[in-house]
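Some notes on the structure that comes next.
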Amino acid sequence: MKTFVLHIFIFAFVAFASASRDSAKKIGSQYDNFETCITEHGLTEDDIFSIGEVSSGNHKTNHEDTELHKNGCVIQCMLEKDGLMSGADYDEEKMREDYIKETGAQPGDQRIEALNACMHETKDMEDKCDKSLVLVACVLAAEAVLADSSEAA
């Protein structure tokens, strides 16, 4: 069974690194629990943000707060089903392990540093849905910046 980056990468999370190249793809759609989680939250695939929309930050300006929250709940659902979150709490070590497996990142890789920074940035958020979306958005944005800087080099 596939697990998160995006899981952010999904982590989504955070393991969305490979998927982040396909900006039209729906966030988390490549993971086994995607359909289950959107159904559990009464959404359809059309309701879910695209990877490009989240990595660029456009999801924050193009959508209402309720849409943001619902998308975050779907992400949190996938993270929880993959054992990466329990409620609003991350399993940071498992999150890193899964991210490394998904992305092939090695110790010292800037993507791992970005994941750590994003987990630190969101660790005190209490709402599990908002926390999940902010985490994944942070990781995807960092991956986009790192990809742009490596392409420019």
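Don't overthink the numbers, they just go from 1 along the chain as shown.
Any Cβ shown, glycine's included, is placed from N, Cα and C.
Which of Cys77, Cys118 pairs with Cys138 is settled by Swiss-Prot: its disulfide partner is Cys118. Candidates considered were Cys73, Cys77. The record in Swiss-Prot pairs Cys129 in a disulfide bond with Cys73. Long-range Cβ neighbours of Cys37 (disulfide bond) (same chain, at least 6 residues apart, Cβ-Cβ under 8 Å): Gly28, Val74, Cys77, Met78, Lys81. In this structure the C-alpha atoms belonging to Cys73 (disulfide bond) and Cys138 (disulfide bond) are separated by 16 Å. Rounded to a whole number, the C-alpha distance linking Cys138 (disulfide bond) with Cys129 (disulfide bond) is 14 angstrom.
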